[in-house]
Amino acid sequence: MAKLQRGEGEGGDLEKLRKGIAESYDESTGAWEELFGEYIHRGFYDTPSAAPGAAPLTAQDHRRAQLRMIDEALAFAGVSDPEKKPKKILDVGCGIGGDTLCLAKKYGAQCIGINLSPVQVKRAQELAQAEGLADKVSFEVADALNQPFPDGQFDLVWSLESGEHMPDKEKFFSEMARVAAPGATIILVTWCHRDLSPDEESLRPDEMKLLNKISDAHLLPAWCSAADYASFAKSLKLEDIRRADWSENVAPFWSAAVQSGMTWRGIISLLKSGWKTIKTALAVSLLIEGYNKKVIKYNIITCRKPK
């Protein structure tokens with residue numbers, strides 16, 4: 001696991017981090033929704049690049065890929081089986097509720113989304129009302145490391161692209177396991193650093209330097225590998241632990257992010273949102289560098305809580 005050199009994650013630093021993440025998303029939410037819709041995450045694509053002569057991907061293609069990401073994650077975890085239909089779902093780091101609402105409609109389930117950003121929670125509540133799902137879905141401001149739920153409440157615990165912000169990855173994963181009911185499925189889709197080889201104790205200094213640059217721009221306090229998450233799951237005695245590297249499947253989304261930001265609509269949205277959002281958008285180039293150098297990976301980790 002790569003601990004970043006800034007030393008954030010304890011005491012006042014932890015509270016500063018929470019405040020920084022909340023304020024960042026409070027400020028940037030309007031821009032991200034304008035550019036990417038209610039699904040503020042990457043999409044799942046068949047190939048890393050279009051075949052020769054193929055038409056460029058459209059905005060509709062990217063939206064379909066974002067929805068497909070949800071379906072692929074559920075299928076990978078085996079939740080697509082009608083016999084395993086979840087009735088109560090928790091979305092950890094729910095953004096503006098796109099995934100939460102999708103899961104509620106797909107399964108007719110009661111869903112709760114938690115998030116550090118009051119602005120995102122308010123927007124998620126508005127979208128639930130507009131979709132006629134206010135009786136099925138609720139959202140609240142809460143810390144993923146100290147969730148306000150009793151043990152064993154949910155038969156699907158879902159987190160898509162929020163694990164990156166967690167200063168204590170093991171505590172984050174253990175909280176998801178704690179609130180999962182016996183027999184529940186846990187699905188985590190997140191950026192990780194690459195797995196270490198058997199003869200490595202840590203990432204190389206140049207890799208750590210790049211991760212620190214990315215983290216400064218995106219408020220990412222620590223990194224771990226997919227192998228680390230699998231180890232957490234094993235230590236918690238979770239079952240059916242599976243993981244996969246989907247880095248190639250999200251590759252086409254990079255160009256969509258860059259192109260969206262370069263349109264007049266994108267530029268105006270970013271300028272309206274303020275400097276923090278602009279800084280994050282500019283740092284996409286660092287994420288692309290990390291991806292191209294295979295330092296960062298887009299992983300899915302799934303498991304089940306014993307009955």
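From the backbone N, Cα and C atoms, a Cβ is placed for every residue, glycine too.
The average pLDDT the prediction assigns to the domain 'Methyltransferase type 11' (90-187) is 97. Residues or ranges marked as domain 'Methyltransferase type 11' in TrEMBL: 90-187.
Outside the region 'SAM motif I' (89-98) by six or more residues, the chain places 29, 33, 37-41, 66, 104, 107, 109-115, 120, 123-125, 127-128, 137, 139, 144, 147, 149, 153-163, 165, 176, 179 with a CB less than 8 A from a CB of the stretch. The region 'SAM motif I' annotation in TrEMBL covers 89-98.
Per TrEMBL, the feature region 'SAM motif II' maps to 152-160. Counting residue by residue with DSSP, the region 'SAM motif II' (152-160) contains 0 helix, 7 strand, 2 coil.
The region 'SAM motif III' annotation in TrEMBL covers 179-188. Remote same-chain residues near the region 'SAM motif III' (179-188) are listed as 73-74, 76-79, 84, 86, 88, 90, 147, 149-160, 163, 173, 229, 233, 238, 300-307 (criterion: CB distance under 8 Å, separation of at least six residues from the stretch ends).
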